[in-house]
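What TrEMBL says about this protein:
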REPEAT    190-224  repeat 'PPR'
REPEAT    225-259  repeat 'PPR'
REPEAT    260-294  repeat 'PPR'
REPEAT    295-329  repeat 'PPR'
DOMAIN    300-452  domain 'PROP1-like PPR'
REPEAT    330-364  repeat 'PPR'
REPEAT    365-399  repeat 'PPR'
REPEAT    400-434  repeat 'PPR'
REPEAT    435-469  repeat 'PPR'
REPEAT    470-504  repeat 'PPR'
REPEAT    505-539  repeat 'PPR'
Amino acid sequence: MRRITLLRPPPPLHRATALYSLTPLLPYNNGGSSPKPPKKGPALTITSNTRWVFTDNNYLPPPEWIEPFNDLSDIASETPQDLKPSPWVHQIMSLLLDGSVDMESRLDHFCNKFLIKLSPNFVSFVLKSMELQKRPDLALKFLTWAGKQKKYTHNLQCYVSLIEVLAINGDLDNVKSVFCKFRGMGFLMNVSAANSLIKSFGSLGMVEELLWVWRGMKENGVEPSLFTYNFLLNGLVNSVFIESAERVLEVMENGKIGPDVVTYNTMIKGYCQAGKTQKAFAKFRDMELRNVAPDKITYMTLMQSCYAEGDFDSCLSLYHEMDENGIEIPPHAYSLVIGVLCKEGKCVEGYAVFEKMIQRGCKVNVAIYTALIDSNAKCGNMGEAMLLFERMKKEGIEPDVVTYGVIVNCLCKSGRLDEAMEYLEFCRVNGVAVNAMLYSSLIDGLGKAGRVQEAEKLFEEMVKKGCPPDSYCYNALIDALAKCGKIDEALAIFKRMEDEGCDQTVYTYTIMISGLFREHRNEEALKMWDMMIDKGITPTAAAFRALSIGLCLSGKVARACKILDELAPMGIFPETAFEDMLNVLCKAGRIKEACKLADGIVDRGREIPGKVRTVLINALRKAGNADLALKLMHSKIGIGYDRMGSVKRRVKFRILFES
């Protein structure tokens, strides 16, 4: 007779579960009917060292279904919440996570060796582990392997746990595939599973699947909890189903389960993302009426929306309200407020918020320092800007390329080009990536200082170093070339800009039109204007000013007026167009043409005679022609009338130079 020795389970196991039951175990029936009693088998004897000895070499105990927690209720006083995971969990996780390509066969070998099978609860528990949350591929393989066990069927929680893992990792295709498998299996929905599924589907924008779960709850008489409503609302908001989300919120507001701060935060987020900030503020006020206290997330959502829309006053008001109500202000809120104040040129107020932020223990980042430096520099406080720059470095906050770009831009605008070039060299030596903004600032500064050759050299260096020039950089170089009379080189860069796919802006065309008129290449300037219009680029007041001044100085006032008339149907009405034209004509001593233009303005009904008269008086005075300005001031020209018989006619401006 042959002796068979069974191995002990792998350590470390609890003493209470180290032995197999003496009675052969039954297969896991997954909630089915009660199993039949086992048939009597050969006698089993136990040796003194706890080894089992069988008299029949063909007999082994059936595999045992293992659960994620040990049942110690008969030998321990631990409550369910005190239970620790079974040692089998660690063993199975080790096999899953070792990265082996033959993971399935290793699991098979392990389970056969120790006569175990994994229950659906065990499979679900493993799928929920933090380790598998980051490994959707592994989770999918594990569920597939577990489903191949004999007499095993996945339960609802297995599918729910897998979908949760896949959804966290954004695996939309596999979520749809898994959902299709269990959708028709007739599982009874429960609150826990519904919450998880609604949350997962909502995060991926799967509205149809989300609503299927919701209908399943209703059909099975499962009452939704507050979490269910909030997950449903979040899913609808994420999928931009704002009207459906509004109906859910209305049900909550009129039902047994009222909305909480999470509910309102979700709805406010949805309104802000849809650009309906006014509705978001309406819900914010509803919170107060329902005694639901807003939290920092409520305020931050509204502040970010106001900041993005340029509503800086509301952004600041929300910040002050947070401060007054004693709500913790997160670092990003301070960043927004400091950014708002800096954009409005309120350097002192921005610095005050900055100091308050530090006093409250919030960590200041490089973006906040950069905003303060930029604001001070733009307000002309270069000394303060450089002090902040040095303070940032002393505090161990490393300036980034944006910070250096701001410093270089400020130095260039204040004419400190050599210092700006030193910072460029510092970035080169210390491996700081130089971006287009920094190069553009230097090229613009050098160009305005007449150092055009250096600007061109820097532009070519920029291209060689793999930093593609943007439209601002091209415009800076074109402007420098045009202003120093190198109009052909400017045209070459203009053409190169187009060839390399960089968008030519209205500012690019304005520079070229002004430069061409300056070189008396009037027809080319007009062609440039037509090219801009043909490309669908909307002219600005500055663009028309460049064109009208060029035409007026070349004696083509009527052409300028005609082009201005052509802009009206396009919805473009340059407010100071006539004023600019009158000023340039008076400055050039072309009083007769200025008076003709003034009469034309009134005759077209564009401006009232009194306003045109005032503009012309100021233009004459600025041009140094005080005598004519006084003459016009003390006459009835423009506003007075001569009676010729029964006809009353306005005194024309041209009388000024005819008399």
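Yeah, the Cβs are placed from backbone N, Cα and C, and that goes for glycine too.
According to DSSP, the secondary structure content of the repeat 'PPR' (365-399) in residues is 26 helix, 0 strand, 9 coil. In the repeat 'PPR' (505-539), helix, strand and coil residues by DSSP number 26 helix, 0 strand, 9 coil.
Secondary structure by DSSP for the repeat 'PPR' (435-469): 26 helix, 0 strand, 9 coil.
Sequence-distant neighbours of the repeat 'PPR' (330-364) (same chain, 6+ residues past either end, Cβ-Cβ under 8 Å): 296, 299-300, 303-304, 307, 312, 315-316, 319, 322, 371-372, 374-376, 378-379, 381, 384, 395, 397.
Residues 226, 229-230, 233-234, 236-237, 240, 242, 245-246, 249, 252-253, 301-302, 304-306, 309, 311, 327 of the same chain lie 6+ residues outside the repeat 'PPR' (260-294) yet bring a C-beta within less than 8 angstroms of a C-beta in it.
DSSP places the residues of the repeat 'PPR' (330-364) in helix, strand and coil in these numbers: 26 helix, 0 strand, 9 coil. Note on the repeat 'PPR' (330-364): its mean pLDDT in the predicted model is 87.
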